[in-house]
Amino acid sequence: MTARSSLTIVLAAGEGTRMRSHLPKVLHPVAHQTLLAHVLTAAPKGTGTSLAVVIGPDHQAVADEARRIRPDAVTFVQAERLGTAHAVLAAREAIARGVDDLLIAFGDTPLISAETFARLRAPLANGAALAALGFRAADPAGYGRFIVEGDRLVAIREQADASADERKIDLCNAGVMAIDGRRALAILDKIGNANSKGEYYLTDAVEIVREQGWESVVIETSEDEVRGINTKAQLAEAESVMQARLRKAAMEAGVTLIAPETVYLSADTVFGKDVTIEPFVVIGPGVSIADGTVIHSFSHIVETTLGRNVSIGPYARLRPGTSLGDGARIGNFVETKAATLEAGVKVNHLSYIGDATVGANSNIGAGTITCNYDGFKKHKTIIGQGAFVGTNSSLVAPVKIGNGAYIGSGSVITRDVPDDAMALERNQQTIREGGAARYREMKTRGKKPEK
């Protein structure tokens with residue numbers, strides 16, 4: 001059987017004024033990805049699918065984000081905000097090309113899943129003209145109610161127009177719909193604006209379908225999945241739901257979370273097996289963690305690749321461009337950025353390793369700094385395999401430390417060090433016999449010590 005073709009239209013033209021932000025609403029993040037990115041990721045993809053995003057005027061950033069996530073996305077501008085049906089018809093050109101299934105979603109519902117989109121499409125394959133997504137609301141006040149007769153949806157009644165009995169209905173409209181693509185324009189073009197706001201409401205499609213003698217059905221999902229984001233408080237609620245999902249998925253995949261509610265993950269985090277994460281860890285976007293790795297408490301990791309059996313933290317910060325080989329160790333109060341640390345490297349305490357490559361099995365002593373910035377440009381430090389860098393050393397880039405080289409503690413290294421060489425740079429130590437006793441005596445007499 002040939003797979004059904006689909007067009008997903010994502011409505012993302014809203015101003016989001018209640019967010020109190022200069023950022024378009026759909027570009028706010030949940031689990032380190034934009035609201036829009038979550039919806040576009042869940043939308044059908046692959047052969048026979050197409051995607052349209054309806055944006056508002058002057059929302060080029062939204063168009064750019066859509067194409068970043070889904071290069072196949074085509075954007076359309078809703079010049080005037082005259083209701084949801086009006087927004088859908090902004091993409092008339094895409095609808096007119098003809099598909100089996102037309103899906104209509106909202107760019108501010110980041111919790112919707114690919115599985116729900118698939119369930120919503122299923123009735124269309126069986127002849128339904130429209131399938132509407134609904135949920136059982138804990139508090140239905142303010143939502144449109146689904147009026148059903150048997151298995152059929154006959155109307156969506158807004159709160160203001162609902163009777164006393166209809167207001168008792170807890171099956172509410174999520175706004176997401178699937179419409180038979182071959183009948184979509186015939187339905188949408190019949191929607192009028194004879195209402196107090198003079199707007200074109202997508203919900204009117206249900207009664208138009210009924211008038212035509214066609215079938216509309218309801219597909220139920222959880223209230224969490226169709227949460228719309230209009231305020232920063234709702235954004236925080238969605239974050240909480242998403243984090244709970246991500247934590248559960250991680251643990252089901254074999255990750256040990258010691259205190260799950262204290263760990264914050266990104267939607268794109270990739271875990272191997274037998275990974276352990278201690279309390280109060282933040283994992284930002286672009287992080288991949290291989291088997292057996294342990295992340296200790298209060299570590300913050302972004303755009304980083306961790307090999308197998310790596311140990312991180314506690315109190316470590318791994319910034320973008322960090323890559324750690326198998327068995328590498330990053331200890332407490334260590335920061336890395338744009339750094340490749342090969343297998344077995346140890347940076348156990350109080351160090352900054354930036355714009356650097358560290359060869360396998362090298363040891364970087366406490367307090368070591370790669371001095372990568374000269375006030376104008378960043379420069380690279382290259383440390384060979386099996387090197388030993390003593391504590392409190394400064395490596396002034398650009399500089400190369402050879403394989404097996406030793407750097408004495410307290411050194412400021414400004415020139416390349418050959419393989420197996422020892423480099424030591426510090427002032428000669430001066431010892432004055434009895435000097436401490438004389439100093440104390442002078443201080444107690446209120447006199448300055450002799451030079």
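Glycine is no exception: its Cβ is also placed from the backbone N, Cα and C atoms.
Summarising the annotation, Swiss-Prot assigns active site, proton acceptor to His349 and lists sequence analysis as the type of evidence. With a 10 A radius on its CB, His349 (active site, proton acceptor) counts 16 other CB atoms from all the protein chains.
Lys25 (UDP-N-acetyl-alpha-D-glucosamine binding site) falls within a helix when secondary structure is assigned with DSSP. According to Swiss-Prot, the UDP-N-acetyl-alpha-D-glucosamine binding site annotation covers 11-14, Lys25, Gln78, 83-84, Gly144, Glu158, Asn173, Asn230, Arg319, Lys337, Tyr352, Asn363, on the basis of sequence analysis.
Per Swiss-Prot, Mg(2+) binding site is recorded for Asp108, Asn230. The Cβ of Asn230 (Mg(2+) binding site) has 15 other Cβ atoms within 10 Å, all protein chains considered. Classification of Asn230 (Mg(2+) binding site) by DSSP places it in coil, neither helical nor stranded.
According to Swiss-Prot, the acetyl-CoA binding site annotation covers Ala366, Asn372, Tyr373, Ser409, Arg426, on the basis of sequence analysis. Of all Cβ atoms in the shown protein chains, 15 besides its own fall within 10 Å of the Cβ of Ser409 (acetyl-CoA binding site). Following the DSSP three-state reduction, the secondary structure of Ser409 (acetyl-CoA binding site) is coil.
According to Swiss-Prot, the region 'Pyrophosphorylase' annotation covers 1-232.
Per Swiss-Prot, region 'Linker' is recorded for 233-253. Within its own chain, the region 'Linker' (233-253) has Cβ neighbours under 8 Å at 19, 28, 30-31, 110-111, 224, 227, 260-261, 263-267, 269, 271, 273, counting only residues six or more beyond its boundaries.
Taken from Swiss-Prot, the feature region 'N-acetyltransferase' applies to 254-451. Per-residue pLDDT, averaged along the region 'N-acetyltransferase' (254-451), amounts to 96 for this model.
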Greatest C-beta neighbour count within 10 angstroms, which of the binding-site residues Lys25, Arg319, Arg426: Lys25
Of the binding-site residues listed as Asp108, Tyr373, Arg426, the one whose CA lies nearest the CA of Gly144 (UDP-N-acetyl-alpha-D-glucosamine binding site): Asp108
